[in-house]
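Only one structure is covered here, and it is reproduced in the block below.
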C-alpha cells in the first residue's frame, strides 16, 4: 500500500516505536525533537524517520494518551494535541512515584528500620531528622505533585519521632505497663524499640539506680548512730564500719551520677520519658536525699565539728525547686494530679523534707528545719490518705506491687528523728510518728509472702532505706526509753536492715559481673504515646465485629468496610485513641 501523506484530519493518534533505544539513537532523537506543524513543512529534518499512521483513527475531538516506559532508560513520552494541531513531545521526570507498590514497600521498610533505630532517643534527634529529610537544593522536586508526595513521606516517617518527643500522659503508663516498678510492657502493647536486641548501655541505665545510693548512705547513718549513741555503747561498734560504708556510698553515688549525666547528654529524650513516668519521677529527688544522708552520716574523722550551712543550701535548693514543680501539679488538679499518679514511691518526694530538716537542725538553722518539717508532714498526710483509702476509681494493687508498701514507713520514721533533732527531745509528737512507722513495719513483716517470687531489680534498693530509717528512729527512742525491750528492738531492726542491704549488695554484684543481667532492656521508656498494638479485648472489639449486625449490611459494602479497616483506617483509629486519652487526662 502506498504511503499516505498525513493530513490534519488523520493525525489524531500515532504509533510510537518502542524498540530498545540505543545510545546513538537517543542522541539523534534529542537533536531532532522539535514541534512539527505538518508533513510538508520546509523545517522538517531530512533524516527523521517517517511516521506510520493508523487507518480508521478516532475522531479529532477525543484526545488520546499514549505512554512508553522503558526499564532500561526510564523514558516516557506524552503525545498531546494542541488547539493549533501541533504535536509536542515531552519527557517526564523519573521520580519513581508511578511504581506505587515499590513506594509503599520501601516506606514500610523504612518504618521498620526506624523502629530499630536507637537514635530516636538521642538528644536533639528531632532537629537532626528534620534536616536529614530535606533533600539538597539541586534534588528538590519542581512540580507540586512531587512536593505533595514528599510531604506525605515526611509525615509518615516522622510519625514515630512525634511519638517519642511528645509527652506521654500519666494514664498511658498505667495502661501500658505493669510490674513492681511499672517496667513490664503488657502483651497487647507495642514499643518503639526492638525487644529481641540488646540496647545501648545508657538506654538500659534507669534512674532507679539511685536506690543503691539510698540504701548504702542510710546504712552509713545507721552505723554512725550505733557507734556514737549512748543507748548502744554496750555493742562497742567501731567507727571504722561507718567510714567504710560512707566511702562506698560516695563511690557508688559518683559512679551512678556520672553515668546518668552521660545519659542526659546523649539520650535526653529517654530522660524525658523517665521524667513523665509516674514512678520514676520520684527518683529525681533521690540524688539530693543521698547527699543529705552522706552529710548527716559523715564520719567523725572527716567532720569532727558542725557542718557549714552552705552544704545544706546546696543540697536542699534543688530539692525545693523539684517539690515546687511536683506539688504544684498535685495541687492544680491537672493531668498529673495526685489521685491519678499516686503510688507508694511518691513517699520519696516527701521524705526528703524530713531529711533536710535533720540536716538543717545540725547546721543550726532551726527555723528552716521547722518549715520543711511542716511542709513534709502536710504532704505526707495527703499521700498517706490517698494511698490508704484507695479511691473507687482506682484498682487494687496487684501482688507484684506489694513490696512497695515498705515506702510507707520511711516518712514517719524520718519525721520522728527530725522532730527530735529540732526540739532536742523525743516527746509526744515524735513518739507518735515513730509508733505509726513501727506499726506499719510490723504489718509488713508478718506478710512474708509479699516479698517472695519476684524478679530482682535495681529499684529494690530503694526499699532498704525505709528499714534503715526506722532502725535509726528506734535508736533515738532507746536513748529516752531505757529498757531491755527497746535495746532488743534496736538490735533486731538494725540486724534486719543490714542483712537486707548485704543480700542486695551480693545479688547486685552477681547480676552485674557474673550473670550480666543487672541492666535488661528498659522497656518502660519505649512505649508509644498511643496504642498501636492489638486491640484490647473488650467492648470495642465486640462492637466492631458483632455478628448480629452482619445481615443488615450489604455483603459487598461489608467486605469493603473490613478492607478499609485493615488497610486504610489505621490513622483514624490512632487519632481517636489519642483524643480519648486526652479526654481521660
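Note: Cβ is positioned from N, Cα and C throughout, glycine not excepted.
Here the structure is a predicted model, which means the values were calculated and not measured.
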In TrEMBL, of the candidate ranges 434-454, 518-538, 539-559, 560-580, the one given as transmembrane segment runs 434-454
For the record in TrEMBL, which of the ranges 243-262, 263-282, 323-342 is the transmembrane segment one?
243-262
Taking the transmembrane segment (490-514) as reference, which of 201-223, 371-391, 403-422, 460-478 has the most Cβ pairs under 8 angstroms?
460-478
Apart from its near flanks, which chain residues at least 6 from the ends of the transmembrane segment (201-223) lie with a Cβ under 8 angstroms of it?
118, 121, 181, 183, 193, 237, 241-242, 245-246, 248-249, 252-253, 256, 259-260, 262-263, 266-267, 270-271, 274, 280, 283-284, 286-287, 289-290, 293-294, 296-297, 457-465, 468-469, 471-472, 475, 494, 497-498, 501, 504, 508, 519-522, 524-525
Close approaches to the transmembrane segment (371-391) from elsewhere in its chain (Cβ under 8 angstroms; 6 or more beyond its ends):
316, 323, 327, 330, 338-339, 342-344, 346-347, 349-354, 356-357, 360, 408, 411-412, 415, 418-419, 422
Is the transmembrane segment (460-478) close to the transmembrane segment (403-422), in the sense of at least 3 CB pairs under 8 angstroms with a sequence gap of 6 or more?
yes
Restricting to the same chain and to residues at least six past its boundaries, which positions have a Cβ under 8 Å from a Cβ of the transmembrane segment (460-478)?
208, 210-215, 217-219, 221-222, 225-226, 229, 231-232, 283, 286, 293, 345, 348, 351, 403-404, 406-410, 413-414, 416-417, 420, 426, 430-431, 434, 437-438, 441, 486-487, 489-490, 493-494, 496-497, 500-501, 504, 508
